[in-house]
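Q: To start, I am sharing the structure in question, which I have written as structure tokens.
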Amino acid sequence: MLQSSDKVKVSSISFLEFSGSHPELLLSLFTKMGMRQVGSFGEAPATTLHCQGDIHFISNPGFGGNTEIFRSIHGRGASAIGFKVENSQQAFTQAIALGAIVAEKTDYSLPAIQGVGASLIYLVDDQLEKNLFALFNYERTNNINPATCLERIDHLTHNLNKGGVERMRTFYEKIFGFEQIKSFHIHGKKTGLYSEVVASPCRSVIIPLNETKDDQSQIAEFIREYNGEGIQHIALASNNIYQTVTELSMQGIEFQDTPDTYYELIDQRLPNHSENVEKLHKHKILVDGGEEQGGGFLLQIFTKNSIGPIFFEYIQRKGNNGFGEGNFQALFDSIELDQERRGILS
């Protein structure tokens, strides 16, 4: 018998669902990202599945389910996460017993609970995942596109109102047994944010939770444009980030700018990083890690806004399990610069 003290055990992310009123824009973006469209179902505009390595994105422009509710609130964005569990119905029963809210409407024959904003969390076991992918005439594979080198979802973030970090941390801890693994404050010249990182016990699902400190920060801007809280960015793991950036740039993906001065200070900040600084500078790739952050290094880069205010991160880990904490300030400063250019900050 299930005990109320048991948490729902999550082993991985099965899929991410996106929705928008112009699905052709999502299809174009996913193609530029090197995602392979493997199938579709439903009347036009069809729901489509796009894959790369262990990454599965669904574009769902449908009506009558949660995606219609989602679009009425947020317009476009990440409308659902599929959490992989051992037994979907058992996990759903336990989640409700632990206080999760049952999804008002769903788009698939999968149990679901309410997630951040108007998004859902689907609870997917092996059989239900097979049933879902069968709608697209697709069987799971881990084929990696050698041109883009993308393997899996590394992490994804939530942007939240003031007080939202504690609320969502409590949600993930209470329902799924997630653990807080990091916390930090970021201060720009004019704005700031607070972040906590929560992760599943097996560390396969990692979610940084961000909340604004003021009404002008990039978090506040996201919430205004998105009309509420939601998934802000999705980080995809690469096995060769230089190749990833080269290929995606050729396909038309635009990346956030990084101040030139950032690269002048790399050797001083990370004396043993072993990367070619000129090559990093050329590709606008950030590097972080070192002994103060548990050893090893990581490389990362962020796109410009890609789906409304949502953007993507590409990350290659070289023995470091952090999130580029040392780079957050540089990223924050570069986004503030973009806000200033667009007249958001004066």
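Think of each number as a place in line: the chain as shown, counted from 1.
Yeah, the Cβs are placed from backbone N, Cα and C, and that goes for glycine too.
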Q: Hey, TrEMBL has Fe cation bound by H155, E313. Any idea which of H187, H233, H273, H281 it lists too?
A: H233
Q: For a three-state summary based on DSSP, what are the helix, strand and coil counts in the domain 'VOC' (12-138)?
A: 38 helix, 42 strand, 47 coil
Q: Would you mind listing, in sequence order, the residues at least six apart from H155 (Fe cation binding site) in the same chain with a Cβ closer than 8 Å to its Cβ?
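A: The answer is V197, I206, I207, P208, A235, F323.
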Q: Just to confirm: which same-chain residues, 6+ apart in sequence, have a Cβ under 8 Å from the Cβ of E313 (Fe cation binding site)?
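A: In sequence order, the residues whose Cβ lies under 8 Å from that of E313 (Fe cation binding site) (at least 6 apart) are D154, H233, I234, A235, L236, Q300, I301, F302, T303.
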Q: What is the total of other Cβ atoms whose distance to the Cβ of H233 (Fe cation binding site) is within 10 Å?
A: 23
